[in-house]
Ligand SMILES: NC(=O)C1=CN([C@@H]2O[C@H](COP(=O)(O)OP(=O)(O)OC[C@H]3O[C@@H](n4cnc5c(N)ncnc54)[C@H](OP(=O)(O)O)[C@@H]3O)[C@@H](O)[C@H]2O)[C@@H](O)CC1
Ligand SMILES: Nc1ncnc2c1ncn2[C@@H]1O[C@H](COP(=O)(O)OP(=O)(O)O)[C@@H](O)[C@H]1O
Ligand SMILES: [K+]
């Protein structure tokens, strides 16, 4: 599991060490980790270390101090280092170390700006150390102009962000333009939650956590990401004497005359995600199509009350005028069984929900949900603040909310938040969300009652619905990636994602080398 923290949490964890006079030692560790990462990147790109051109953009706070100390290490290894001081001051000890190591220093002025931007653009590495966890809002003044000029230029080398890309909010991932997109973010003491939520994740590139000795002081993480061994431990496995009913039956209320394919794709996703059986309820014409595509599915035109299942999937491919289907969706949501409520079910939700109801909106659907709750939002405003949006939606509705996107976020009401980024942009294809709903429905049917499995991982009963949704998002994302890799990185259809699920499941379930993972977890790149 990757744990991520708010800037405030990390700063609080630093406090006891700062009080003990260890501030400089913390900064030295951070700077050394940053410098080592730069060296690795240069070696990987085949650049000679001696004479490599490094430009550090250093703000006036401790983030700038980290950058200056790191650049001093790099200068001492024979690199040509330039510091651009973006504020009216600089970290005194960092600046002194940099100058002692032979680095060149420029102060940012309006006149010097075009030349300094050109120098940064021509460098082998640009280190962005303008703002870190102490930032208030985005970049301002000439620092903003410099970052804009570098962003607009054609960069020769790569960008490494110190702790976080300047302008990205460490807690929320909100990003006030301009932000220089990093190829790598080297972050200290623990990943910052803003690096694992869009749009912050767009700017962070790969994320590397450097331990600096504060780890034992960190509290419960603000955000979690399930990784291979977690997924392996959460995946349900059939007992030796399992039969189809004990494995879990999923009831699917999806599809309509207008969108029959959604029902098929939801069923295919569920069948490929290990469910014991799928019961489909819906119009006869849609049921015919489901039967033709998935003969394993048992179809009926009955009611929710007549159908014995362990979980429900409702809403995919349903419109506001599909009254019979909407009645079934409402009945399923009221049934006390776990439910994944997708697409067309979202406008038909009751006012008060519970954590075992998992809502799966994309940003546009979440904005509409907020409208109905009297909160003015649109797709863009949700996309600009995904973490705040998903948290607010869960706390406000009482449901578990999964917000789909390049990074998929899941929030338990008043509980844990997960961030999964296992997929590929090729997943942005029609019907992909229906397959995801099927996968989550299948997992709810199989694992929803297995409280013990989640307790072993420290997940409380009410929080397990979010863990199941995050597991579903991870499997779906990885299946999408596998499907694309099977065609050499080419495009995929939603059906291909479903087809790739069983093998993805098999591969994930083999990753249970938990002990080895735990020992290495602090130094692992996140992606
Ligand atoms: N504590 C430790 O020992 C360790 C800390 N570590 C490192 O320290 C970083 C946090 O450092 P920090 O607290 O000094 O804040 P930082 O992010 O450098 O920025 C604050 C400065 O910028 C200014 N400023 C603010 N907003 C601005 C804006 N929008 N536009 C322009 N300027 C703005 C603000 O000035 P003010 O506005 O207050 O006058 C202030 O001077 C952290 O991310 C990590 O890298 C590690 O080395 C581990 C040990
Ligand atoms: N850029 C992206 N990168 C990775 N995954 C993505 C991206 N865009 C969308 N996805 C994923 O693809 C799926 C799309 O779902 P959805 O928006 O409901 O599509 P549809 O309604 O067409 O089925 C979600 O699982 C989402 O997380
Ligand atoms: K930074």
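Count begins at 1; order follows the chain as displayed.
Including glycine, each Cβ sits where the backbone N, Cα and C put it.
According to TrEMBL, the feature domain 'YjeF N-terminal' maps to 10-220.
Marked as (6S)-NADPHX binding site by TrEMBL: 62-66, 132-138, 163, 262, 317, 362, 434. Annotation note: residue 65 ((6S)-NADPHX binding site) sits in a helical segment as assigned by DSSP.
Listed in sequence order, 57, 67, 147, 159, 160, 161, 162, 165, 166, 180, 182 are the same-chain residues six or more apart from residue 128 (K(+) binding site) with CB atoms under 8 A from its CB. Secondary structure at residue 128 (K(+) binding site), as computed by DSSP, is strand. The K(+) binding site annotation in TrEMBL covers 63, 128, 166.
Per TrEMBL, domain 'YjeF C-terminal' is recorded for 227-508.
Taken from TrEMBL, the feature AMP binding site covers 404, 405, 406, 407, 408, 433. Within 10 Å of the C-beta of residue 408 (AMP binding site) there are 28 other C-beta atoms, taking all protein chains into account.
By the rule that a residue counts when its Cβ sits under 6 Å from some atom of ligand 1, the binding-site residues 62, 136, 405, 408 yield 62, 136. Per Cα geometry, 133 is the residue among the binding-site residues 63, 65, 133, 136 nearest to residue 406 (AMP binding site). Nearest by CA distance to residue 433 (AMP binding site), out of the binding-site residues 62, 163, 362, is 362.
You'll find the Cα of residue 63 (K(+) binding site) roughly 29 Å from the Cα of residue 408 (AMP binding site). Listed in sequence order, the binding-site residues near residue 362 ((6S)-NADPHX binding site) (C-alpha within 10 Å of its C-alpha) are 404, 405, 408, out of 404, 405, 407, 408. DSSP assigns residue 406 (AMP binding site) to coil in the three-state reduction, outside any helix or strand. With every protein chain in view, the residue among the binding-site residues 62, 63, 166, 407 whose Cβ has the most Cβ partners within 10 Å turns out to be 166. Checking the binding-site residues 63, 65, 433 against ligand 3, the ones with a C-beta less than 6 Å from an atom of that molecule are 63.
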